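Notes for the one structure printed next.
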Amino acid sequence: MSKKLNTSVGGTPTNTLLNYFSKSPAFDKKKLTPSVKTDPDASKSEKENLQNQQPKVKDGKKEASKPAAKRKLPISDDEPASGQRKRKRIVQPESDSEPEMEVTKSEDDFSDCASDYEPDENEASDDSVSSGAEEVSPSENDMSVDSPTPKKSRKKSKILNNNNNNEPSSKKVKLESTIQLAEGATFQEKLKNLQSNAKQDASYDDIVTNTSNLDEPVVWPHQKLEFLQPDKIKDKEGRRPDHPDYDKSTLHVPEKFLNGLSPGVRQWWVLKSDNYDCVLFFKVGKFYELYHMDADVGVNELGFTYMRGEFAHSGFPEISFDKMSTILVDRGFKVARVEQTETPDMMTERCKRIKATKFDKVVAREICQITNRGTQVFGSQCKIGPNHQPNYMLAIVEKDEGTCSRYGVCFIDTSIGDFHLGEFEDDKNCSRLLTLVSHHMPVLFLNEKSALSQRTQQIVRTVLGGILKEPVPGNGKHACSAEKTLKLLAERYYAGPGSDDNWPLVLRTMQSDMDHLGLTPNDNYKLALKALGQCIFFIHKCKLEPKVLPMARYQLYVPPDQLADAKPAVASTLRRSHMVLDATTLSNLRIIGEEHSLLSTLDHCCTKFGKRLLHHWLCAPSCDVSVIKERQDAIGELIRMPTELQEVRALLAPMPDFERNLAQIHLFGNKQIKQMDHPDSRAILFEEKLYNKQKLQGFMAVLKGFNDLTKLPTMFHQCKTTLLKRITQLPESGGSFPDLSKELQYFATAFDHDAAAKTGVIAPQAGMDAEYDAAMDSIGEVEKRLKTYLVEQERHFGCRITYFGSDKKRYQLDVPESHASKANKSYTLEGQTKGKKPSRRYTTAETRALLKDMQHAEDTRNMVLKDLARRLFEKFSNHYDQWKQCIDCVANLDVLGSLAEYAGQQMVICVPELVSDADQPFIQLEEGYHPCANASTYIPNGLELGTASEAPLSLLTGPNMGGKSTLMREVGLLVIMAQIGAHIPAASCRLSLVDRIFTRLGAQDDILAGHSTFLVELNETSLILKHATCHSLVLLDELGRGTATYDGTAIAASVVNFLANLKCRTLFSTHYHNLIDFFHNDKRITLGHMACMVENEDNADPTQETVTFLYKYTAGACPKSYGFNAAKLAGMPQGIIKRAYELSKKVEAIALQRKITAKIVAATAGNEDTKKEKINALKDLLKQLKMCQV
């Protein structure tokens, strides 16, 4: 098949591109030979013929080409996009006999403008990716200002990379990507990496090579533009990067440069100058195109190949937006979706209404959404992904008070619409702030320049070092304040009659009691409201305000250790009391995390919202005995009914992510998108029919899921425990599970589900929508009037009469010629027919009025039908509270089922007994297992703290690697499991409630914070000493080892003494055996050690000593730490170990002599009454001294 090929990029003539880029003084007219495209609809043989037209070059000579294998697309449905990168192929030189090139003559450089394009059904499901396009609608070239009416659609063929395997290896260029972009790097840094690699590395994987010299990389025009060079680049206000107010999100593009561009190219540069830190997915017809530096990103990150032409250009079809944007967002990029918001006809009409310049004569395009990891919203083009973790956006506002700070915080999950606000005082270590980011780790941090103290900036650099950061204005008209935030919310969302009742409870609490309009902030929450304003500002900047704010659910954030001070009215969503687990404890005990953590061990949840609830339980275990007991009983009952448990887990397994589905359906039904004139309300989507299908299919999947959940009351109708009854039974049976039958019945009968799933259009049933029913009633009434009038006319003419005509010429009276003489002046002749049955057609004032009424009724019906899907989603969202209550019940059931599943897998399990009113805090553990360890190889341990026979503080000694740290972690994790209500792996467990767990485990410095190992230890210990209560559990591992022995011993002894006086449950491990001597008779302290068995201990050669670890907690102290055994296990040379042993013996002897001497001196003091006893003691000490060999 003969086919002319277009040399232009997107239909742009090569000469035009040369003209507009040649105006840049740095432009170099390098010739690029375009690669061959094939029609995606062409037959296989036709594609091979086109491929064969590209010759191979061998030793400078052309040779016949063999048919190339079918090209495998860079990213396909059955290959994970995030997998190994495909090697890119270079553009090969073409022969003189290549097909004749066709050059379109147009003023616009971007093709594929919107038109009357009707996609084929097969195309709609195509998710393949080309280097630019597969098939497009009529281009803007066809819709130029001279010819606004679209021409006949032509195909745009797909680029083929003719990298034949038979080509000599000497002519192949390996194109393996070597760029590693750190998550959190700015767009400019990433772009700089791309460009610098392009200039410096001839084997850079994304550079299209010059056909005259395969070893010379092409430098794209955008890489040579003067205003993009590092020493020239400025923001839109003309500020250089070293300016304190430099805005990295904008770019200064010279007006002279813009004026030399074509309308379409200028349109791209204008959008890019306002969003320089974004990758623009620029809609051109049916495709999203990436130009210039964005094309580099597409090639490097998405596996695209460059389109032919003089500037960098790549792209993909509209249907692949979700996949491509997800890949870039996950890699730390910001993606701006640019849509066409008018058709060529609309553009023509617009140009007629204004005095249009040449730059006005291009279809309008607008940014509809900017997406990064913290602003993900699941709209019609974005599917809900498999990740269940929330993606929080965090804003922090600080008031520096010298040695400490007051923080206002707002963190939100845009995918669900959860807004958390709070304000609190913090200590100099920022403990509460660290706990917040540990419990709710953000993916995006909003930062007001120069508004944070050094200690807070240090947290941002270290703890939040790997996440995205976005600046928010601190001054100027866009600066946020509490007053501005309340004013904006009042004007857009909560104004109107009864506005006091419109405000959410949390926001009402943050307003001044003296201002009934709600525009004055409470002094205690000014910082929190300012943080909320910063989040709203950024959401608005990303075009998400009407999508996120209307579904916002506000919750008060109170630091876990401050819950007791929370007002009941505003803390109603919080549990009465929780255990506090700070950032250090979460990390040291590995409570949360994807691998080898307590969360990953216990997580057998079937639903994503269940997984999120389990995460919340583990971060905030309950301190309410009644809550814990209810959970224990429910888990026990689930364990005793394994059949029902597996049935319910099978029921829950296929459930969608209902929480995100609710937010998505709310977005689909949100009329404020149109009311607030959001660009998405004007966007022209070529796959809109497919999106409508997907919307309805997803909606019906949600309805099916809720329908399936209505089986739960029947499945658990015989349950006995209080909690299971509450979360599975209907209100009439004493439960809290909502009765959804009425709502589900309505949506089941409102429309034909099968037809809607196939067509993407709702065919409503009577009673579904009042406005639709009213319109249909109006149509029915007009039809009755038409019938009545027709009967009257038949009586008048004395014959049978029918209506004739269609559309605007309907309802003409078709009167036989033989009776037409009875028509008087009130009848208007509209036409007549000849032949066997001649007739005349008349209209009257009555028929014209009936036609007008019918058209009005039909217009109303069509308007309702067009908006019917949105109204259906809106009705669903109106019952949000019921759906959410059902989700909460199911989430609790899922977590309980997960804990029951875990318990069923353990060899040993028990139900902990918790005591809330104990006189003395205690813990009794018998044969306990580490919950994350393999029980078959783990040695169980038991201990007692705070009982009648044992003191609350255990001074723990034992050999190196003997299991001291493991025991401490085991105790901490088992206590957490006990207080979330789980059954724990132990023979038995009894304890009083723990209000907080403190840990000081491991040895590590903090280089980024400038903290040494010892300073880190002391900071963590200081926190313990300040905040521990008698109900806390303290786990301290080898405190003092980071400094000199005597300093460390003294600090450790002082801390032990403090904790012993506090009488909190403590495990204090140490290798300082002087502490044992100091506290060995102290009744406040219990001595314990990790048992071991030693062979050849008295041997003079330490390398012959063998230590067998028994990993068993035993009463009493361990005489030494057996460090030489650890050295032997580590493979140290035996000579070094022996020499160390000799030195150790000498040091021990010196220390012992000093100790004995001190006792002799003490023994000689005193009066005559004790002289005899002291003389005897002195004789014993002298004997010991003689035994010391130095």
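Keep in mind that glycine also has a Cβ here, set from the backbone N, Cα and C atoms.
Database features (Swiss-Prot):
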- Gly958, Pro959, Asn960, Met961, Gly962, Gly963, Lys964, Ser965: ATP binding site (BINDING)
- 1-22: compositional bias 'Polar residues' (COMPBIAS)
- 38-49: compositional bias 'Basic and acidic residues' (COMPBIAS)
- 56-65: compositional bias 'Basic and acidic residues' (COMPBIAS)
- 138-147: compositional bias 'Polar residues' (COMPBIAS)
- Thr7: phosphothreonine (MOD_RES)
- Ser8: phosphoserine (MOD_RES)
- Thr12: phosphothreonine (MOD_RES)
- Thr14: phosphothreonine (MOD_RES)
- Thr16: phosphothreonine (MOD_RES)
- Ser22: phosphoserine (MOD_RES)
- Ser24: phosphoserine (MOD_RES)
- Thr33: phosphothreonine (MOD_RES)
- Ser95: phosphoserine (MOD_RES)
- Ser97: phosphoserine (MOD_RES)
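In the three-state DSSP reading, Ser965 (ATP binding site) counts as helix. Sequence-distant neighbours of Gly962 (ATP binding site) (same chain, 6+ apart, CB under 8 A from its CB) are His1089, Met1090, Ala1091, Cys1092, Phe1109, Tyr1111, Cys1118. Every protein chain considered, the tally of other Cβ atoms within 10 Å of the Cβ of Asn960 (ATP binding site) stands at 17. There are 19 other CB atoms within 10 A of the CB of Ser965 (ATP binding site), with all protein chains counted. Report note: the ATP site is defined by Gly958, Pro959, Asn960, Met961, Gly962, Gly963, Lys964, Ser965, and the residues of the same chain whose CB lies within 8 Å of the CB centroid of those residues, excluding them, are Met1090, Phe1109. Fewest Cβ neighbours within 10 Å among the binding-site residues Gly958, Pro959: that distinction goes to Pro959. When Cβ atoms from all protein chains are considered, those within 10 Å of Gly963 (ATP binding site) total 22, not counting its own. Packing around Lys964 (ATP binding site) is summarised by its Cβ count: 25 other Cβ atoms lie within 10 angstroms of its Cβ, all protein chains included. Reduced to three states, the DSSP call for Gly958 (ATP binding site) is coil. Taking Cβ-Cβ distances under 8 Å and a sequence gap of 6 or more within the same chain, the neighbours of Met961 (ATP binding site) are Phe1109, Ala1126, Leu1129.
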